[in-house]
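A.B. asks: Shown below is the structure under consideration.
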Amino acid sequence: MCGIVGVVGNKRAKEIVLTGLHKLEYRGYDSAGIMLSENAEFTVKKTPGRVAELEKEVVGIDGFSTGIGHTRWATHGEPKEENAHPHLSKSGRFGLVHNGVIENFSELKEKYLTDVTLAGETDSEVIVEVVDYFSRKGLDTMSAFTSMLKEVKGSYALALIDIEDDSRLFLAKHKSPLLIGLGEDFNLVGSDAMAMINETNQFVEIMDKERIVLTANTMTIYNENNEEVVRDAYTAEIDASDTEKGLYPHYMSKEIDEQPAVMRNLIQEYLTTEGASKIPTNIISDMIESDRIYIVGCGTSWHAGLVGKKMLEELTGIPVEVHLASEMGYDMPLLSKNPYFIFLTQSGETADSRQVLVKVNELGLPSLTITNVKGSTLSREATHTLLLHAGPEIAVASTKAYTSQIAVMLLLGKALGEEKNRKVAKELDLIHELSIVAGVMETLIDDKDVYDRLTREYLETTRNAFYIGRGLDYAVSLEGALKLKEISYIQAEGFAAGELKHGTIALIEEGTPVIGLISNEVTSAHTRGNIIEVESRGAKAMVIALEGLDKPGDDIVLPHVHSLLTPLVMAIPLQFIAYYASLHRDLDVDKPRNLAKSVTVE
Ligand code: F6R
């Protein structure tokens, strides 16, 4: 949440910062701002709304070689110019961008800023004034910056410019992501590698509580104890083109279409050509000791966890619980004797999930993060990591990361089940089954016009919708409903099909859209019965059924796949339905209101 980018020592500073901000808009897009500086000449421009708006404000402003920029997801204070970053201290000497939440900003205000009238309501404005306060007390900039950091409680990724020495950027990080990019005779900083990938593929990690002084040619890292730290750069595997839309109208449509390739990629990453698991043996040996697996996640990742539970239980015989991170952090259930934690997080930065991991680490328990982002906070802090290998996911609504999370849990379940000598795991040929899934995904992706038509027919004017299913279909119905509500703003609920009659069926009226999911032989007749019940009360039911369980009149028939893998294909029409519902309402598919992709506040 909130994106930061900065550059020092490059005359294209404005262009570099704006390009970076565009790439970081997935982190928040309520407002944007830029500060450019050289030889104590500087300019600050801020605007509510998107980076495209900011771009209009800086036309013709050129020639600066130091810059910082920010794209905001509002936490403290509404999205307006005064609350947008960079914040300039009242003295006009310091400019700062911040990502994170300063929990004690009111106390800091009372302690240091009784004589300062703040322009906005943000916690971030307070901390730049605190730097200014210490500087006015006679401290040099690094000491003033450090003194401010010593006072601060909360999370931050920070970049500060001192107008009086704008050949340096002062940086710090704690619990919010920040990365250094190394250019030739210039250096960069950003919330992620994508923000800098057009300029470099050489990056240096920053650890929590470190401070950095960055110039065009030097990078000095200090740890908490004020000791200098030497750290090598690494080469990023992503390509600038991975972050472009290409010919697609939206990132979401591109990312939906990429799912067959992701499935094939996962086969290569996690299985040998003979079908043996490539999952590191230390993960399997840690897990095999456990008597209960706890899956932790939020939103779509939590939904993937619900699917993963059924797969892992079936393949390994180990009981699995799935928990919402935001609940578990403050309401830890009674744990089994040998628990094993799996953190599902596409971004690897989600604050709710991280606070559970912090507690798990305090308890000394083993954990695995399944994430799309190598080197992300939850990846670094868990015992082990498995990557999703899905490529950058930029649309706020998660699609390929969801199916990839499911597939990785399947691969993990098979490897663990085989190690436990489970027949069901040994008999599951995942090269074969995931290849079939990839092929079926392609067939479904080719049917875009069908989803476009069905979305018009069922969801064109509705204010609400229901998704119903049983078992794995229920888990997928929750995800289908979330996709629809987050990008089309149609109020949608996923329901266990048999549960509607226990209360919620009261909401069904003439024309209410109900999307029924049927992929399980054992429960298909019951779900069909539930669909008839809602139709009898006026609902317009769209039925999506797996081949073999389909009936004449069903709207979408999914080609047959292995019964454990049905969520991977059921997800595709649901993602498209949400996509078209958003498109038909003329909404911003990739950047829905009030949301951000990386949720770094609790
Ligand atoms: C919805 C979506 C969110 C995320 C959730 C957790 O499309 O993407 O619900 O799944 O915010 O994010 P991660 O997976 O990054 O921890």
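Cβ from N, Cα, C; glycine included.
Nobody curates TrEMBL annotations by hand; they come from automatic prediction.
Straight from TrEMBL, here's the annotation block:
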- C2: active site, nucleophile (ACT_SITE)
- 2-217: domain 'Glutamine amidotransferase type-2' (DOMAIN)
- 283-422: domain 'SIS' (DOMAIN)
- 454-592: domain 'SIS' (DOMAIN)
- K597: active site, for Fru-6P isomerization activity (ACT_SITE)
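Show me how these features fit into the shown structure, please.
C.D. replies: Just so you know, the Cβ of C2 (active site, nucleophile) picks up 28 other Cβ atoms within 10 Å once every protein chain is counted. Secondary structure from DSSP puts C2 (active site, nucleophile) in coil.
Across the domain 'SIS' (283-422), DSSP classifies residues as 65 helix, 27 strand, 48 coil.
In the domain 'SIS' (454-592), the DSSP tally of helix, strand and coil residues is 68 helix, 28 strand, 43 coil.
The Cβ of K597 (active site, for Fru-6P isomerization activity) has 23 other Cβ atoms within 10 Å, all protein chains considered. Following the DSSP three-state reduction, the secondary structure of K597 (active site, for Fru-6P isomerization activity) is coil.
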A.B. asks: Give me the mean pLDDT over the domain 'SIS' (454-592), rounded to a whole number.
C.D. replies: 97
A.B. asks: Whole-number Å only: compute the distance from the Cα of K597 (active site, for Fru-6P isomerization activity) to the Cα of C2 (active site, nucleophile).
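C.D. replies: Cα of K597 (active site, for Fru-6P isomerization activity) to Cα of C2 (active site, nucleophile) measures 10 Å after rounding.
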